[in-house]
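Peer 1: Pasting in a structure now, in structure tokens, and then I'll have a few things to ask.
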Amino acid sequence: MTDTATSKATVERPKLQSTGSLHSLFKNVDLFSENDEELYPPLQHGARFAAPIEDSTLLALGMKPDELKAFQKQRHAYINKDQIYTDEIKIPNKTEMVDYHQLHLVSPIDQSNASRLLNKLVVIKLNGGLGNSMGCKTAKSTMEIAPGVTFLDMAVAHIEQINQDYNVDVPLVIMNSYKTHNETNKVIEKYKTHKVSIKTFQQSMFPKMYKDTLNLVPKPNTPMNPKEWYPPGSGDIFRSLQRSGLIDEFLAAGKEYIFISNVENLGSIIDLQVLNHIHLQKIEFGLEVTNRINTDSTGGILMSYKDKLHLLELSQVKPEKLKIFKDFKLWNTNNIWVNLKSVSNLIKEDKLDLDWIVNYPLENHKAMVQLETPAGMGIQNFKNSVAIFVPRDRYRPIKSTSQLLVAQSNIFQFDHGQVKLNSKREGQDVPLVKLGEEFSTVSDYEKRFKSIPDLLELDHLTVSGDVYFGSRITLKGTVIIVANHGERVDIPDGVVLENKVLSGTLRILDH
């Protein structure tokens, strides 16, 4: 990829969004209206009395000793799981939180020490998933977010610029799953001439279980069927990294910290201010959280449970209990800073005990069980853990074509692998974009936009139905476009729509 800017890569604090004070996020939260009530749904009767699985059975399936140990531990915890009760939930203590706005005061940066500090860092990108949510069958990291530019290109470009500007060696490590490993290893061949050391490793594979019995889906001595297995979440990174030998290798090379993030989060760049704080305050585990907004529905919130920081995945909560958390505003970005020596010790002492989440996929009309661990749940395992409240700039995930449209528009500018808000846009917020199901896959999305509209002055866009956009279109303010069932709406080339509602008959109304 090519960047036109020649300025030094930015690792200092980015321009902050107006997110308000940290304290203001907790106003009027009533935590104790439903004392002593369980949050999680109960197990099916058969699963509650599931028989143990012999280690020999798992070994016969090809599982490694540390994999089967982790799987057995999770399965046992699932059957005998501890409930979370609302009367134990509290707002995180101020001593467990730090506001990004205050880092330069709490932990001032010594710029003369920047290179030495960066040389202690390893960047790890989580690359286990395919782009299924957008209709792609390849590794999500290989998706284009700009003409000829992929998520992986962005990560490499950013780290390469840091290495050049500071004369350091920050390596890029990619954690793949069995779904992405071979493809990614082929793709990274193109970066051989770049000033970035790239390493990959493959995370564990766990067997699916039947929901009603918790019996294994795959059978020993049969051909491996990928549909009967799954990657057990981002929390598997710690054990898989240890198994790969990379933790010991990096410790021997003088590395002290790892910065973990999702490959599709365009905001997860190296931040020297955060790294400096982690270093000076001797933090073992730092989790970046941000202000939760209306579109944040699938993910985790931060709370204090039994006087420890705790990440709660909303997908695991009974639907009728979700209202308890509607005012919880600390949202997990999955940007995580970890002390390498600390995580190595926890693994060796078998004290890394991550909570899990459960998914119930359907295969051949039968409900399965997948037990997964988010990496952010490690926050409760480390002695000196902290949550860092960061601006939304550091959380730019691309999980849908709606987010892809914003990323590809003139709202943002690409600079050395970083995404920066266009200086010509007033304010710091990005527009709220909701594209209908007709745009849900990348192929359909690309068919429906002859070119990406000008969104520089857009606040809100909703598109529903069979809608096609021409070229050189400008959208401003609030624009709502609805094609009624059986009708098609074509937005002509060169049109400027500002605060308009377009119906299926192409009537244009002021909003």
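Glycine residues also receive a Cβ, built from the backbone N, Cα and C atoms like all the rest.
Quantities reported herein were computed from a predicted structural model and do not represent experimental measurements.
Quick paste of what Swiss-Prot says about this protein:
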type     : residues                                             : note
BINDING  : L126, N127, G128, G129, K140, Q203, G233, E264, K399 : UTP binding site
BINDING  : G128, G129, N262, V263, E264                         : substrate binding site
BINDING  : K140, E264                                           : Mg(2+) binding site
ACT_SITE : K399                                                 : active site
REGION   : 460-511                                              : region 'Oligomerization'
Peer 1: Just give the helix, strand and coil counts over the region 'Oligomerization' (460-511), going by DSSP.
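Peer 2: Helix/strand/coil tally for the region 'Oligomerization' (460-511): 0 helix, 32 strand, 20 coil.
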Peer 1: List the same-chain residues at least 6 positions away in sequence whose Cβ sits under 8 Å from the Cβ of N262 (substrate binding site), in sequence order, or say none.
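Peer 2: Spatial neighbours, sequence-distant, of N262 (substrate binding site): K125, L126, S234, S268, N334, P397.
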Peer 1: Out of these binding-site residues, K140, K399, which one has the fewest other C-beta atoms within 10 Å of its own C-beta?
Peer 2: K399
Peer 1: I want to check the contact list for G129 (substrate binding site): same chain, sequence separation of six or more, C-beta distance under 8 angstroms. What comes out?
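Peer 2: Residues satisfying the criterion: A139, K140, S177, K179, T180, P231.
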Peer 1: Provide the three-state secondary structure of K140 (UTP binding site) computed with DSSP.
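Peer 2: Going by the DSSP assignment, K140 (UTP binding site) falls within a helical segment, counted as helix.
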Peer 1: Would you mind pulling the longest C-alpha to C-alpha span across G128, G129, N262, V263, E264, which the record has binding substrate, in angstrom?
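Peer 2: So the binding residues stretch over 11 Å, Cα to Cα.
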Peer 1: Sequence gap of 6 or more, Cβ distance under 8 Å: name the residues on the same chain that satisfy this around G233 (UTP binding site), in order along the sequence.
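Peer 2: Within the chain, G233 (UTP binding site) has Cβ neighbours under 8 Å at W356, I357, E372, T373, P374, A375.
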Peer 1: What count of other C-beta atoms do you get within 10 angstroms of the C-beta of G128 (UTP binding site), across all chains shown?
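Peer 2: If we count other Cβ atoms within 10 Å of G128 (UTP binding site), we arrive at 26.
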Peer 1: Where does the mean pLDDT land for the region 'Oligomerization' (460-511)?
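Peer 2: Value for the region 'Oligomerization' (460-511), mean pLDDT as a whole number: 88.
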Peer 1: Widest Cα span across the UTP binders L126, N127, G128, G129, K140, Q203, G233, E264, K399, in Å?
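Peer 2: Largest Cα to Cα distance for the UTP-binding set is 21 Å.
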Peer 1: Do you know offhand how many angstrom separate E264 (substrate binding site) and K399 (UTP binding site) by C-alpha?
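Peer 2: Cα-Cα distance, E264 (substrate binding site) to K399 (UTP binding site): 8 Å.
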Peer 1: What is the interatomic distance between the Cα atoms of G128 (UTP binding site) and V263 (substrate binding site), given in whole Å?
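Peer 2: Taking the Cα atoms only, G128 (UTP binding site) lies 9 Å from V263 (substrate binding site).
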Peer 1: Taking only same-chain residues 6+ apart in sequence, whose CB is under 8 Å from that of V263 (substrate binding site), what do you get?
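Peer 2: Result: K125, L126, N127, K140, S141, F151, L152, A155, I174.
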Peer 1: What's the number of neighbouring CB atoms sitting within 10 A of the CB on E264 (substrate binding site)?
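Peer 2: For E264 (substrate binding site), the count of other Cβ atoms within 10 Å is 24.
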Peer 1: According to DSSP, which kind of secondary structure is L126 (UTP binding site) found in, if we only use helix, strand and coil?
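Peer 2: Its secondary structure by DSSP: strand.
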Peer 1: Centre the Cβ atoms of G128, G129, N262, V263, E264, go out 8 Å, and tell me which other residues of that chain have a Cβ in range of the substrate site.
Peer 2: K125, L126, N127, K140, S141, F151
